[in-house]
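J.: The structure follows.
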Amino acid sequence: MASRKAGTRSKAAATKQAQRGSSNVFSMFEQAQIQEFKEAFSCIDQNRDGIICKSDLRETYSQLGKVNVPEEELDAMLQEGKGPINFTVFLTLFGEKLNGTDPEEAILSAFRLFDPSGKGVVNKDQFKQLLLTQADKFSPAEVEQMFALTPMDLAGNIDYKSLCYIITHGDEKEE
């Protein structure tokens, strides 16, 4: 009996600790980001029960054109939540993955590699070539779509600080 109570107490303590850890999750994001996560959660929660389950994941993958997702992959995704994945857990999982990263600073650092003079611009043609040929290659159509929103000077240089703002905050300027 004593060992049973001890086991119960540690479960309760673990639950309290998990709740304390996740209670701060909403302060990690701006309200607009939370709303976007809520929309993503709603898209995944196919049966609208407030919990993401295996059938929700399978149906979401199916809608994205991936029909033969291995059971192990779905199980691994669900195990990250260490229990039922409601919206708070969903947000916590993203918070843990994004914690300590400043996407804007990471993007600026990457652009600075291509701006040895430190002028805040990169050459459009050189950048286009990188996008088409390196790492996760962009299609020509994707590159043109991106350049449609990209701030450039008359010489065809990309203002990467403004582009970084667009990437991390959207193309609408706050007033």
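Glycine is treated like the rest: Cβ placed from N, Cα and C.
When I checked Swiss-Prot for this same protein, it listed these features:
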BINDING   D45, N47, D49, D56  Ca(2+) binding site
DOMAIN    32-67  domain 'EF-hand 1'
DOMAIN    102-137  domain 'EF-hand 2'
DOMAIN    138-173  domain 'EF-hand 3'
MOD_RES   A2  N-acetylalanine
MOD_RES   S22  phosphoserine
MOD_RES   S23  phosphoserine
J.: Return the average pLDDT for the domain 'EF-hand 3' (138-173) as a whole number.
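T.: PLDDT averaged over the stretch: 85.
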J.: What three-state secondary structure does DSSP assign to D56 (Ca(2+) binding site)?
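T.: It is helical.
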J.: Pick from D45, D49: which of these binding-site residues has the biggest number of other Cβ atoms within 10 Å of its Cβ?
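T.: Result for the most crowded candidate: D45.
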J.: At 10 angstroms around each C-beta, which of the binding-site residues N47, D56 has the fewest other C-beta atoms nearby?
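T.: Per-residue Cβ counts within 10 Å for the binding-site residues N47, D56 bottom out at N47.
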J.: List the residues in the vicinity of the Ca(2+) site, defined as same-chain residues other than D45, N47, D49, D56 with C-beta within 8 angstroms of the site's C-beta centre.
T.: I44, Q46, R48, G50, I51, I52, C53, S55
J.: For D45 (Ca(2+) binding site), just give me the three-state DSSP call.
T.: coil
J.: Taking helix as H, G and I and strand as E and B in DSSP, count the residues of the domain 'EF-hand 2' (102-137) in helix, strand and coil.
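T.: Per-class counts: 20 helix, 3 strand, 13 coil.
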J.: DSSP-wise, what's the residue breakdown of the domain 'EF-hand 3' (138-173) into helix, strand and coil?
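T.: So the counts come to 20 helix, 4 strand, 12 coil.
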J.: By DSSP, how many residues in the domain 'EF-hand 1' (32-67) are helix, how many strand, and how many coil?
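T.: The breakdown for the domain 'EF-hand 1' (32-67) reads 23 helix, 1 strand, 12 coil.
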